[in-house]
Amino acid sequence: MSPNDVEQQQLPTQNNNYNDNINSPSLNDDDEDSFFREIKEISRGRPKTRDEIQISDRTRLSRWDTPLTNDGVSPFSSIFKTLPPGLTDEQIAALILRLRVDEITKKITIGPIEFTERDRERSPSPPPTYDNNGKRSNTREQRIKEKLQKERHQLVVTAQQINPTYKPPSDYQPPNEKKTRKIYIPIKNHPEYNFIGLIIGPRGNTQKRMEKESGAKIAIRGKGSSRDGKPTKLQFQENDELHVLLTADTVDQLDKAEVLVREFLIPVEEGKNEHKRQQLRELAEMNGTLRERPAYMGNRSWTPVDIKCVQCGETSHPSSDCPLRSNESNQQYIESEYQKFIDEMSKSLGFDISISPNQNDNSLQNINLNNNNNNSNGNNNGNNNGRNFNNDTVGDMDESPPHHTQSHFQQNSPQFDQQQHQQQWNNNNNNNNNNNHNNNNNNNNNNNNNNNNNNNNNNNNNNNNNFSNYNNNNQSFYNNNNSPYGPPNGGSPYGPPRNTY
């Protein structure tokens, strides 16, 4: 047989087998379509992509692939293969969050990105946007990837709140979304109170200190936040009321900053504001004008006088203005103490000097006058050796002075008392004589003044007579000369003379 005959005999058999496979009941239309699709792709020479060939379908792994176990989990993964017993609800929730974070990380880094199977039911796509290089930046894959990243960020924040030691994936980067909060300043209720100065502090030190403690940024925004005439950047919150703007990454930082700021939004009286006093002290330290104590306290060579009221012991008022003086019982106590003092002085001096506190001032004046007269009239004191010459005769005056002088008498003796009474009587007589002499001098002065007044009156009368004679002479002069203008007032052509008297 020739080779051609052999080929002709083999062809029918192959066609028969092919027809049998097609007509067999085990093959469906879908299987047939997929079979022919694979045959065409293989015949074209294009290999299957990574998305088309699943990792689990591979029989051979490359050295870059991660070895898989029977349960499909990598041996290097931190996920538990089986849950240990005795876990709390928080631990189970943290484990579920970790599983979801790892799943999203795997989709973002390795893929594939899941698409919605129902394309007709999905929302319409947004208009396309392009970057500087002309590439589209909001493709469907990019939008799904951003959505997964946002979900992973929320899961990481929740996991860190449950377990502070949780470490996010290595490729995780938190978004730059800042949290803000407004705290309005009550400037309308207290327009004269300096809230901004208390919050900012000297050269911004108070503001910087609060930012360091809380970790949030503190700024003053709104109407009145900038000085008049100072160029500032236009802010979108300029038309808002005056407020404090807090900006932070977390809510805890905002809460800490709010507590620190609200302490300065409560008005305090001027003398009780300790925070303002500390700010002024800090500013003085910066300017170099701080004094630890007043200047007058340094070189003071005197001590203040500690004057207290005699009756109540207070330093707020003198004894004369004490409110306890109007009290009757207290007044009686003062009088009794005064009387005790007078009695003690009378015993020590040997004679009675009792003067009640309510006595008139006339007695005190008489005592002072008597003392002055005693000092002026020395002939009645030590010069005369205590003798009284009013009742002495001529023979008595020639006698020698007595042996006993004033200094030799006892204070309690009757001679001493008689001498004191005689001396007081002499002083009174001298006072009367002096008063009479002064009265005579006053009368003489009055008479002289009256004489002077009479002389002045006589001089004035003489001046008036001279002036009248002068006017009469001028009148006769004008009458004789027949002046067309007539005599002026007073008779003089230049008017009446000036009275210089």
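Each Cβ is built from the backbone N, Cα and C atoms, and glycine gets one as well.
Annotation source Swiss-Prot lists compositional bias 'Polar residues' at 1-14. According to Swiss-Prot, the feature compositional bias 'Low complexity' maps to 15-27, 362-392, 410-484. Annotated domain 'KH' per Swiss-Prot: 194-261, in sequence order, evidence recorded as sequence analysis. Positions annotated as region 'Disordered' by Swiss-Prot: 1-33, 115-140, 362-501. Residues or ranges marked as zinc finger by Swiss-Prot: 307-324.
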With Cβ-Cβ distances below 8 Å as the criterion, list the same-chain residues six or more beyond the ends of the zinc finger (307-324) that contact it, or say none. 330, 334
On the 0 to 100 pLDDT scale, where does the zinc finger (307-324) sit on average? 81
For the domain 'KH' (194-261), what does DSSP give as the number of helix, strand and coil residues? 30 helix, 11 strand, 27 coil
